[in-house]
Amino acid sequence: MLMGAAILVGAALSIMLGVRVYAELAYLQRAPHDNIQWTVAQLETEILRLRVAAGEALAGDDARLEALRKRFDIFYSRVTLIRSGSVFAPLREDAAVSDALNALHAFLIETAPLIDGPDEALRAGVPDLMAQSDAHHAKVRRLALAGLEMFARSSDAFRREFASLVRLTAFAALVVFVLLLIAGAGLAWQMRRSQRRAIRLRSSERRLAAMVNSALDAVIMINQRAEIIEYNPAAETTFGFRRDAAIGRSLIDLIMPERDRPLHQARIRRFIETGVNEVVNAGRLELTALNATGEEFPIEYAVGSSEGEDGPIFVVYLRDVTRQRSAEQDLRDALARAEGADRAKSHFISVMSHEMRTPLNGILGAVDMMRASSLDEGQSRYLDLILMSGEILQRHVETVLDIGSIEAGKMRIIAEPFDPAALARDLAELMSEDAGKRNNRLTLDIDPQVERLFLGDSHRVRQILLNILSNGNKFTSGGQVAIEVRLAGGTEEAPVIEFGVRDEGIGIARADLPRLFEDFVVLSPAYSREVGGAGLGLAICRRVVHALGGEIGVETNEGHGSHFWFRIPVSPAGLPPSALEPARPVLAATTDGLASVLLVEDNAISRTIAEEMLRAAGCEVVTARNGLEAIGQAERRAFDLILMDISMPGMDGVEATRRIREGEGASKRSKIVALTAHALPEEVERFLRAGMQDCLVKPLRQADLRRFLVKLASEDFDDLPTADGMDQRTDMPMATAPSPKLDASAFAALQSELGAGVAAAVVEAFRKELADAYAEIQAAMAAGDIATMQRLAHQLHGGAASIGATDLAMTLEEVELRCKRGELEHARRALGAVGGL
């Protein structure tokens, strides 16, 4: 198209230039250029002739005077022609020429009366005429020369212009010729291209036919009325209808069960009427099809469309998925079996942990009681060995339980205020003795920016840091082990803290790094004989760090030490570090208020040990061996505390607690604490719903039990939960009663960690933060600012979880998730449940 336009423009330009050349040639034929030049040149000749005629008239007769008059008239006419003729207008534009003409005209006007007068007067004026002719001769010469020069320039310019016009015309003709050549070549190329395209099209059609015919899936082409226009061999195999019998028939009538045909026919009618097709490019769809024998079977199909000569054509790809559905069912059955096996494994771990903790409870409890008696040095040393071995066994049990809990997704993350710097210092002090035994120097490198309180799971942080610190100390001898804590990025609302341990130990081979965080991996077997370990510590660290939303890694140089680090996201607590100082009660605190204790325990050894520990703490103890005995004792007497074992034959502790709360016995409103070897989060939740206040985990230790009793004695249980459970759990012991939307167990844990006053301050600080942020999040919601909504929901989520506002935390977590997915309306609906604490 562009080429054609260029050719048309070139042709038009050539025609226009040709017309102009023709016009110029015609002008050359018409223009009196030679006459004009002759006239100008002749002017000088005429004034000379006038001068000669005047001289002859001066000495001659009257005939000479007539000749003079004739010459004057000729000269007069020449001057008048040049002065008024249009062809001489360019000449008159010259100022000198114009002045000369005016002077000559004035001379002629002045002399005309003399020429036309009597002969005597003319003869008498001839001398003066001759003098004036001589005087004007120079002017006439200048005028003639100027005219000749001007006309020479004009002619030269005209020739140049005409030559340019001729060249331009030739060039335009050449361009048109070249364009015509190019157009001809283009047309030839286009023709060859069309021929090749036709060949490719025919080849493509043959390939398409071959693909359709060789396709493993059924391919059926239909028109807009669902009439079959193509039907491949795979369709014959799938449905049992031959191609010649299928072509021209309705696809709906051919392969659809009769009950489904009205629906598909309605879709066809809707498409014909509105052009709306519900299945084209809708992905893979499923339906039940019918084969030639009348048997129904599931198929998967997809529909594409194209334009044909008579309207749209639809290509339907169909696949028999009978085997696939059978395989999926087999997979579901296998998954069910695997989940059953996993549940069996979890149950086994839970039961075995109970079975292992129960004798451990007896061993460690008995050791604690024996150490309180008078012993000689050897007996004390043997008891220390028993105690050390029992604690190692307990840690192994807890390690296995941690793995099971994390893999099941049931690890409980508790966000609470903690001081990272203080935590690092505490661990350094704890490990100082072990470091000294290996001649190691423990150092601290703490970023001043972490010398404040943050919200996070301090127990898990301590667990991870202690593990890698212990490893660094174990694999270093006579070197330095440094604990590092610093801010590692994030934002002001969601900072990230990095904890690390840098040692000068044996390092790790590069080949061992990929499996370092796997289960049961123990590197350097020869050295591990000295340091010990089951190879589970780093695997658990990795799982816990990931559960906290962080990352863990190592940098090492074999033979020169390692640097283990982990980073976790936290939230600012908004409290000074001094707020944690009064957190823990001392062992000397009183257990007054817990004078009478009902101990419910089915294991005789555990019961005896716990009874002795309670008596040593100054409590009066009554024992029961099962749930029924416990109910009977609780009905007859009002106990200050009931320690309720969970796993007991017959009636378990949860059911016994529920019946005590539902009954009208003397201990209906007594404090009830679960005594169990497996305190998973969902289990603790179940205990609380049954009406318990807290949970003690076996094996019991004398010091731990004493601290728990002191804490329990300091708490006020004016309104205890009933068997209805969670609806009344807001009346848990707390210094300043928070809003009913607080989870009592979580707040009680916060209170036990921080102390009553600080716990109340934390709640109040969060209440203010929530009030400010809630107004901001509402404004962001109104503006559709989903990024701000997500940031504020994340910011508030940690604080809500840390103070026990479980429902609020869950709602904020949903808001954050919805915002991440861009689901603004769902986020708005979720925010409808947030109204503050």
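We number each residue from 1, going along the chain as drawn.
Every residue, even glycine, has its Cβ placed from backbone N, Cα and C.
Features as listed in TrEMBL:
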| type | residues | note |
| --- | --- | --- |
| DOMAIN | 204-275 | domain 'PAS' |
| DOMAIN | 351-572 | domain 'Histidine kinase' |
| DOMAIN | 596-713 | domain 'Response regulatory' |
| DOMAIN | 755-837 | domain 'HPt' |
| MOD_RES | Asp645 | 4-aspartylphosphate |
| MOD_RES | His794 | phosphohistidine |
| TRANSMEM | 168-189 | transmembrane segment |
Rounded to the nearest angstrom, how far is the Cα of His794 (phosphohistidine) from the Cα of the residue listed as '4-aspartylphosphate'?
39
Please list, for the domain 'PAS' (204-275), how many residues fall into helix, strand and coil according to DSSP.
44 helix, 12 strand, 16 coil
At a 10 Å cut-off from the C-beta of Asp645 (4-aspartylphosphate), count the other C-beta atoms across all protein chains.
27
Compile a sequence-ordered list of residues in the same chain as His794 (phosphohistidine), six or more apart from it, whose Cβ lies below 8 A from its Cβ; state 'none' when nothing qualifies.
Glu493, Ala494, Leu812, Glu816
Tally of DSSP helical, extended and coil residues in the domain 'Response regulatory' (596-713):
55 helix, 25 strand, 38 coil
Where does the mean pLDDT land for the domain 'HPt' (755-837)?
74
